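Per TrEMBL, these features apply:
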type: BINDING; residues: Gly7, Pro8, Ala9, Gly10, Ser11, Gly12, Lys13, Ser14, Thr15; note: ATP binding site
type: DOMAIN; residues: 3-217; note: domain 'Cytidylate kinase'
Amino acid sequence: MIVTLDGPAGSGKSTTAWQLASRLGVEMLDTGAMYRGITAKALDRGIDIATEPHAVIELARSSEVRFDWTQQPPRLWVGRRDMTDRLRDHDVTNWVSDVSSMPAIRHVMVKAQRRIASEHPRLVTEGRDQGSVVFPDADAKFYLDASPQVRAKRRADQLRAAGKPVDLDQIREAIILRDRKDAARKDGPLICPEDAQRIDTSDMTSEQVVDFLAQRVRALVEVEA
């Protein structure tokens, strides 16, 4: 059983996916973390992402991106390094769209995501192209959305909880820019799959979203208790 959650940055995909997976008794794949992990490693190695795309691509091809499923939520490793605590840093957020727009990077990541799904076939997976590109035959597809202001506040709350500095206006502008980049890229653009149910989460609590999705999934797919 594959359930896909797509949507823009800050729409609540990650939190919702973790909670939905827990509710359904399945595992969760955070594909955005995979792109962020490669971005963070490239930055930490001093690679200029704007002028050295080939170096980023080679890094992605030579680095195993994997999750430590013994941890809950799973920790993300890129090669021999645990990158989990770097994923939401501002520099990573600024560059991840550029990295994820590289077709060669997306090819590597899509292949890795499908491999993970073959090893963990009962999965809730979230990202921007899960229902449209990676798992077009998923059992249930959803597209989560919210206003830029709401999404910026959610991201700010996430950063505060991690003890990191917050500039709400800067976060909102970064989200709007990310939306434009994600929608404009040629390979795996951010779109709502035709057969996905679109949900505006702006005025919904995370619990309300999860309740709704769990009911819909159970109506569409036979889920073991």
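A Cβ is built for glycine as well, from the same backbone N, Cα and C atoms used for every other residue.
Distribution of TrEMBL features across the structure.
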{"residue": "Gly7", "record": "ATP binding site", "Cβ contacts under 8 Å, 6 or more apart": "Lys13, Glu126, Arg128, Tyr143, Leu144, Asp145, Leu190"}
{"residue": "Ala9", "record": "ATP binding site", "Cβ contacts under 8 Å, 6 or more apart": "Arg151, Arg155, Ile175, Arg178, Asp179, Asp182"}
{"residue": "Ser11", "record": "ATP binding site", "Cβ contacts under 8 Å, 6 or more apart": "Leu144, Asp145, Ala146, Arg151, Thr201"}
{"residue": "Thr15", "record": "ATP binding site", "Cβ contacts under 8 Å, 6 or more apart": "Ser206"}
Integer average pLDDT (0 to 100) for the domain 'Cytidylate kinase' (3-217):
93
Look up Thr15 (ATP binding site) in the DSSP assignment and reduce it to helix, strand or coil.
helix
Reduced to three states, what secondary structure does DSSP give Ala9 (ATP binding site)?
coil
Residues close to ATP site centre defined by Gly7, Pro8, Ala9, Gly10, Ser11, Gly12, Lys13, Ser14, Thr15, Cβ within 8 Å:
Thr16, Glu126, Leu144, Ala146, Arg151, Arg154
If you draw a 10 Å sphere around the Cβ of Lys13 (ATP binding site), how many other Cβ atoms fall inside it, taking every protein chain shown into account?
26
